[in-house]
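Here is the structure we will look at.
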Amino acid sequence: MNKSSTLYDESIFSIKSKFKKLGVLGYGLNGGVFLAKSKKDKKFYAIKPFEKNEKSKNEINLHWECLGSCTNIVDIHALHSTNKNFYLILEYMEGGSLWDKIKNDDKNFSEKDIVNIMRQICAAVNVLHSKGIAHRDIKLENILCSGQNLIVKLAEFNFAKQEKLGLKSSKFTAPYVAPEVLCEPSYSISCDIWSLGVLMFILCCGYLPFSSSTESDFSKGMIERIISEDLDLIVNLVDN
């Protein structure tokens, strides 16, 4: 959608009258995301339903606010509003997520590929941070690819929040979460930088830097490992 227009310009229409539903692309915190074809322009779109409340409205508005100045954030085509639900009409990223590429395609990324991916996602995160917004859920599953090309875009603003409102909740995906989210009563938008580092590690090495069967064990293990490695670094610096 043209960023100069209003997000709600196309809100009064019937989904069935405008789109043909083709299937389910996946499931998120808000339920299923559907693949649909526009009856008008014949293009494919992803339709994401939301329960109509202040939380979902805030998520949609934060996503919308970040569009326009960056091409590496999944675009919003339109928003449909009913009495009970929002239906967000998103651009369809036919290549799936980076997780899909690693899991299903057994994709190994070259150094050039990794630099290209990280450059694009860092550009997207930079836009969010310039607006004082923390994404808080940067991970393989939330980075979508366009076809066979490594054009990638940041998606899913479920956990996004303006820093000025206070980042205090412990919403996170365990393998990607920054230590301060686990240990501090509040934190800053820099928590996303840690997640970017974890993302780059996975792309380079093919496995998670920290993992465990439960979130509590993960948190304990990650912090103990960080403390241990910091002590080793300090000892080495002193010895040298």
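Placed from the backbone N, Cα and C atoms, the Cβ positions cover glycine too.
The feature domain 'Protein kinase' is assigned by TrEMBL to 19-240. Model confidence over the domain 'Protein kinase' (19-240) stands at 84, taken as the mean pLDDT rounded to a whole number.
Marked as ATP binding site by TrEMBL: Lys48. Within 10 Å of the C-beta atom of Lys48 (ATP binding site) sit 25 other C-beta atoms, taking all shown protein chains into account.
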